[in-house]
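Peer 1: Sharing the features that TrEMBL gives for it:
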| type | residues | note |
| --- | --- | --- |
| BINDING | A:E143, A:H212 | Zn(2+) binding site |
| DOMAIN | A:267-404 | domain 'Amidohydrolase-related' |
| ACT_SITE | A:D297 | active site, proton donor/acceptor |
Amino acid sequence: MPSNKSVSDAPITQFINCRILRDNELQREDLWVREGRILDPEKLFFDEQGYADKRVDCEGSIIAPGFIDVQINGGYGIDFSQASEDVSDGVSFVAKKILEHGVTSFCPTLVTSPPEVYHKVLPQVKVHDGGPHGAGVLGFHLEGPFISAEKKGAHPEKYLRTFKSGGLEHLMEVYGSLDDVAIVTLAPELPGSQSVVRELSQRGITVSLGEHRVLLLVSESVSVQPGRFHALSNPSVSAVVQFHHRDPGIVGLLTSDGIPAGRAVYYGMIADGIHTNPAALRIAHRAHPSGLVLVTDAITAMGLPPGRHTLGQQVIEIQGLHAYVAGTKTLSGSIATMDMCVRHFKQASGCSVQEALEAASLHPAQLLGISPKKGKLDYGSDADLVLLDEGLHVKATYISGEEVWRKGQ
Amino acid sequence: MRLVILDDYDLASEWAAKYIRNRIVQFKPSADRFFTLGLPTGSTPYGCYQKLIEYYRHGDISFKYVKTFNMDEYVGLPRAHPESYHSYMWNNFFKHIDIDPANAHILDGNAQNLEEECQAYEQKIAEAGGIELFVGGIGPDGHIAFNEPGSSLVSRTRVKTLAKDTIVANARFFGNDLFKVPTMALTVGVGTVMDAKEVMILITGAHKAFALYKAIEEGVNHMWTVSAFQQHPRTIFVCDEDATLELRVKTVKYFKGLMHVHNKLVDPVLSIKDQ
């Protein structure tokens with residue numbers, strides 16, 4: 001009898017022959033799961049006189065908390081920003097496929113779009129738990145349209161906006177609803193942004209400062225203009241700072257002494273080996289290792305086989321890990337999967353296995369304020385797991401203690 | 001008394017573990033007939049536990065039909081505290097083997113009524129049919145379990161206030177802060193251990209040498225409570241060279257000369273695979 005049922009009679013699973021990521025290190029410990037959460041086996045033994053119903057032999061695998069991708073624009077031919085009738089199906093399709101990359105939760109990301117798109121797409125997808133059907137949706141990541149025209153990157157300029165007076169109401173007009181939104185990326189140098197940032201954070205939405213040139217502006221103004229700095233000092237804001245490019249100017253912000261004690265700054269990095277210079281990865285990691293959040297920023301072409309693909313208005317050519325605008329050498333976006341990013345990040349930055357894994361699990365969870373429920377293997381944490389081999393290739397993925405993907409099946 | 005002297009800590013730990021293994025395998029425990037084992041904590045038995053875990057992992061022994069009774073536990077220390085004896089037993093032994101949690105008994109230092117807890121423990125031992133083999137250690141002051149100097153040699157399980165020596169010796173586990181060390185403990189009595197069919201005392205290290213001398217070369221004395229086992233029909237002391245440093249050369253030579261007899265108890269080493 002597995003337990004005296006004094007606490008619960010739900011079945012107990014014990015993962016053996018594994019190394020688990022806990023307390024910032026890989027420990028040679030068994031992992032116990034009951035009712036979708038990590039269980040304290042010592043309490044089980046002494047309080048309930050319980051033991052496992054089922055043992056899973058991990059054959060020496062590493063067990064890390066499931067990866068969390070907070071910036072992913074689509075994949076497998078699906079574009080989240082496309083205003084179709086079956087956005088929900090598209091998100092679900094991608095959600096299921098990314099289980100193979102060890103991703104157990106994600107934020108479907110919408111690039112700068114006209115209001116009609118937001119009004120159509122946002123209501124179709126709700127925050128929901130993952131499971132055998134796919135990774136959990138933590139909420140949308142709305143990247144734009146309130147970003148700077150100066151460094152718009154791939155965002156269509158005609159849809160960029162500034163805040164009209166009335167900050168948040170204007171935001172609501174554009175987006176329609178913020179109910180299932182987890183992150184909003186905006187440009188803090190836009191006038192009116194401060195009150196918007198405050199109001200968003202009060203609703204529990206993470207605010208991300210978009211585009212690297214803006215960062216330089218912010219980092220300079222942190223010490224020069226106390227008023228502007230207010231956006232970062234809001235206690236409920238954890239700012240995600242993005243840069244897609246080779247400029248390590250972020251160091252100024254990350255190491256700024258203008259950031260108050262106890263406040264965390266996180267920054268997203270695409271470690272696909274193409275979009276971010278390895279030196280930039282190393283510098284950022286060494287400057288502020290605990291704030292580094294790995295993101296895929298994957299585009300529609302992610303997961304598609306090599307060759308030409310017509311995606312919406314574009315023709316993309318996939319060669320290895322590069323996705324070009326067909327017939328050119330212009331990159332159209334990143335197609336690396338999350339596990340590839342983890343491996344590449346480790347190799348390029350020279351960091352440890354645990355640091356690489358935390359950048360894809362613990363840090364995104366902390367950024368979103370959902371740790372330790374997600375992103376950790378503490379007693380009581382959700383049992384969203386990724387089993388990896390020595391080289392950090394995904395062997396199996398679990399959500400709430402249930403196996404949802406296994407290599408070779 | 002058998003005095004089994006091995007060259008070093010590792011060999012002493014291994015000899016002790018082999019002995020326990022052989023005793024359990026030979027006993028052929030089953031659902032109707034459990035092997036009852038008394039267990040200690042501390043740095044001395046650590047190596048022995050490691051070897052027993054190894055034997056379990058190789059499939060040579062099973063603890064499925066073994067009932068264990070630990071000697072002692074601090075009073076007032078939260079059970080989940082890393083220095084509690086519950087934590088010690090879980091991390092260093094129970095979590096690695098196949099013992100049924102219902103059969104692993106440790107005194108509850110946080111019980112509402114400590115006296116009742118002690119009496120209930122004696123009752124559980126009696127209901128289990130008594131202890132087949134009680135494994136113990138020795139403190140630098142010659143105590144067995146927490147039966148500090150002056151403890152009655154016929155004592156039973158009870159609450160004890162710890163001696164200064166013991167608190168000082170344990171301070172290293174509490175950040176060297178004497179104020180953090182628990183001052184009371186629940187412990188089996190000298191009489192409780194004497195009731196076991198067989199007693200095995202592990203003693204390693206030079207700092208235990210004087211206590212060993214007092215325990216086996218001097219008389220039975222409640223100031224050195226381990227000496228009580230001179231009056232037990234089946235006692236084995238397993239020690240390393242360093243622990244014999246205060247003994248007479250003649251004693252050591254005599255017992256070393258008997259090693260070929262002692263080694264018959266662990267050679268051949270038995271396995272459930274052969275049954």
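Positions of Cβ are set from backbone N, Cα and C atoms, glycine also.
Are these features on the surface or tucked inside, and what are their neighbours?
Peer 2: In the three-state DSSP classification, A:E143 (Zn(2+) binding site) falls within a strand. Neighbour count (other Cβ atoms within 10 Å of the Cβ, all protein chains): 27 for A:E143 (Zn(2+) binding site).
According to DSSP, A:D297 (active site, proton donor/acceptor) sits in a coil region rather than a helix or strand.
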Peer 1: When secondary structure is assigned with DSSP, how many helix, strand and coil residues does the domain 'Amidohydrolase-related' (A:267-404) contain?
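Peer 2: Split into helix, strand and coil, the domain 'Amidohydrolase-related' (A:267-404) gives 40 helix, 38 strand, 60 coil.
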Peer 1: Enter the number of other CB atoms within 10 angstroms of the CB of A:D297 (active site, proton donor/acceptor).
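Peer 2: Counting Cβ neighbours of A:D297 (active site, proton donor/acceptor) within 10 Å gives 26.
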Peer 1: Between A:D297 (active site, proton donor/acceptor) and A:E143 (Zn(2+) binding site), find the distance joining the two CA atoms and give it rounded to the nearest Å.
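Peer 2: A Cα-Cα distance of 11 Å.
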